[in-house]
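Student: Starting off with a structure, shown below.
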Amino acid sequence: MALASRHLLGLNGVPKEDIQLILDTARTFREVLERPIKKVPTLQGKTIVNLFYENSTRTRISFELAQKRLSADTINFSTSTSSTKKGETFKDTVRNIEAMKVDMIVVRHQSAGVPHYLTRISNANIINAGDGLHEHPTQGLLDMYSINEKLGRLEGLNVCIVGDVAHSRVALSNIFGLKTMGANVSVCGPATMIPIGIEKLGVKVFHRIDDAIKNNDVLNVLRIQLERDAGRRIPSLREYHQFFGITTDRIKNHNPDILILHPGPINRGVEISSEAADGPYQIILDQVTNGVAVRMAVLYLLGTMH
Amino acid sequence: MKIILKQIKIIDPSSSLNEVNDILIEDGVIKKIGSINEDEFKSSKIFEMDGKIVTPGFFDMHVHLREPGREDEETIETGSNAAAVGGFTGIACMPNTNPAIDSAEVVRFIKEKSSNHLVDVFPIGAATLNRKGESISPILELYEAGVVGFSDDGNVIKSAGILRNVLEYSKITKAPVIEHCEDESLADGAMNESFTSTLLGLPGIPTVAEDLIVARDIMMAEYVDGKVHIAHISSKKSVELVRQAKKNGIKVTAEVTPHHFTLTDENLKTFDTNYKMNPPLRSREDVEAIIEGLKDGTIDCIASDHAPHSIEEKEMEFIFAPNGIIGLETQIGLAISELVKKKHLTIEQLIEKFAINPRKILNLEIPKIKVGEKANLTILDPEIIWTVDVSKFKSKSKNSPFDKKLLTGKAIAVINKNKMFYEDKFFTI
Ligand SMILES: [Zn+2]
């Protein structure tokens, strides 16, 4: 079995069999991660560059660990976009990296479309580790893996993505992936955070968190960007928490069976209360572990393609 | 020198001419139309023009020449060459140069540099000093130096108060205020705000950002009784606002670019920065409304918004890449292919939008195909099928989304100021 594409740019358009293959492969690697020796030789001799134009320690570490567990050689190139705007162009940087004969590039960038552009200027396999407000496919995959691990299925589940959906790459990847796997997807947040035309994707919109909790099996709670949003898209963090925050009381009152996911890092007391973030309903740390397994699966499947 | 355009179809809407005939041009002046005698044939250079159309010279009222300031992207000369290849005998150049066209000195510099070229270049003056929107530019002085309109293009005229004063002043000159309509508080994006922007994760610019300013400007034009010209109109609602304003007798006119009646925001799906422009490519619905507006005369003219950018600048990450594409060398082909061949406009209507209306808006003399008149002509081959090749462009920049596109119809020659451009050469006639 092999994937249809030699890149992972997003989950939009990825066929069900491919998502299933990645999730099944991830299960194998998840078992590897429980062994005393957590390393397999599958990508020995492959060189992978982690090209991070945006600070994201968590995602980078997760990819890096996945690469090490697969015995690949890893190079990290991290820089802020503001410095490259003045200095070397993106294209020149990529050409330099290409000249070093790399096999795969994992890229994180603040502009949507950069991974797609990379496929035009590089011969490496490209993995999107988050592009602008567009997609973050490995996050979508690890969320699906984690839901499936906990609830035993994806098909027919009701999953709601809560928060700043309009400015989230996690939301789109979740929507595309979950829809493909047969889940019902909804979003919940203030209207200023719901992207235009989202219902055209077959996504239901809630503006009241209690309704979202009542009507779903899973909530995927997005991080609020503290500095960027307060006073602009939401009146204040306090008000947001009051009307959209996930609390243990809300869960107990409306749906004690609900499963809570959060891509991290958490703003305690904003999108989720501290009690709820540590409580029995969430699987936030499982997501982190699963993230490594899912990224191993993606790297393995793309890295061993011909 | 004498030349004869033989058996050419002459279409001049302003003198209701539509016939196949011979034209004799001597020292740049139209000497005869038809009934040319043997001697004249013998002593003239003859151009066989079967199937070709001659019209009054086309005019593009929205061009960015980049000189002074960014001569690496375009100069007055290369831009004028691109205009000639594209079929234009006149252009108006926008003031967002460096320095901006906000002093008589810069106006004179451009006039001087362009004076020997076949293509007439008319500067548009900045509406406010350095296009900052803070204090109004020396409007009367600029007008006297030769500008034909006022604009902060690239920017909207930021406040209604400043707009009012610019309009009051420009009214004295009868030159229009040309507005780049965009409410900046809504325009912090990289493409049209739509379902497609949601899918692509690119920040959107909603059509209402344009509509609000179009509405503001129409109201101000009415209040002051001034002349406002809406540059590069792109939204359905804005077309409707202009249509209503014209019905109410308000002095408002509008232009559209070929890309806004040809492409939609769905073209951005490849993240190719050659589809990044401002105003952004809109929806199919907006494109249809624009074509309606062209048909019923709501939209007066077609202009390229020719915006040269270097390859290094355009080949950037999408959200960082600059807005704009070049258009001088593709726009007649696009207009014939998309509007005439698809029967939205007749060839006469197209000529009005390219040759007559832009000059009317800018109060410029309209060239006529008439004995005794100076020959200011565009010659079209409406049937030729050709492939766009940016590597052959005269423009210094290559940022066009139309590379490799198959088009029907193009200009094959222009004549103006006693000069002709034909078969890739300029020569005196
Ligand atoms: Zn403009």
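The backbone N, Cα and C atoms fix where each Cβ goes, and this holds for glycine too.
A quick note: this is a predicted structure, and the numbers were derived from the prediction, not measured.
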Student: Quick check: of A:Arg27, A:Arg30, A:Arg108, A:Arg233, which does TrEMBL put in the same carbamoyl phosphate site as A:Arg58, A:Thr59, A:His136, A:Gln139, A:Gly264, A:Pro265?
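Tutor: Record check against TrEMBL: carbamoyl phosphate site with A:Arg58, A:Thr59, A:His136, A:Gln139, A:Gly264, A:Pro265, extra candidate from A:Arg27, A:Arg30, A:Arg108, A:Arg233 is A:Arg108.
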Student: Quick one: what's DSSP say for A:Arg108 (carbamoyl phosphate binding site), helix, strand or coil?
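Tutor: Once the DSSP labels are grouped into three classes, A:Arg108 (carbamoyl phosphate binding site) ends up as strand.
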Student: List those binding-site residues among A:Thr59, A:Arg108, A:His136, A:Pro265 whose Cβ lies under 8 Å from any Cβ of chain B, in sequence order, or write 'none' if there are none.
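Tutor: Of A:Thr59, A:Arg108, A:His136, A:Pro265, none lie near chain B.
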Student: Given A:Gln139 (carbamoyl phosphate binding site) and A:Arg169 (L-aspartate binding site), what distance in Å do their CA atoms have, once rounded to a whole number?
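Tutor: Cα to Cα, A:Gln139 (carbamoyl phosphate binding site) and A:Arg169 (L-aspartate binding site) are separated by 9 Å.
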Student: Let me make sure I understand the span of the carbamoyl phosphate site: among A:Arg58, A:Thr59, A:Arg108, A:His136, A:Gln139, A:Gly264, A:Pro265, what is the greatest distance between any two Cα atoms, in Å?
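Tutor: Farthest-apart Cα atoms in A:Arg58, A:Thr59, A:Arg108, A:His136, A:Gln139, A:Gly264, A:Pro265 are separated by 17 Å.
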Student: Would you list, in sequence order, the residues of this chain other than A:Arg58, A:Thr59, A:Arg108, A:His136, A:Gln139, A:Gly264, A:Pro265 that have their CB within 8 A of the centroid of the site's CB atoms, where the site is the one recorded for carbamoyl phosphate?
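Tutor: Residues close to the carbamoyl phosphate site, other than A:Arg58, A:Thr59, A:Arg108, A:His136, A:Gln139, A:Gly264, A:Pro265: A:Ser56, A:Ser62, A:Ala129, A:Gly130, A:Val170, A:Pro263.
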Student: Any idea which of the binding-site residues A:Gly264, A:Pro265 has the thinnest Cβ neighbourhood at 10 Å?
Tutor: A:Pro265
Student: Measuring Cα to Cα, how many angstrom lie between A:His136 (carbamoyl phosphate binding site) and A:Arg223 (L-aspartate binding site)?
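Tutor: Their Cα atoms are separated by 14 Å.
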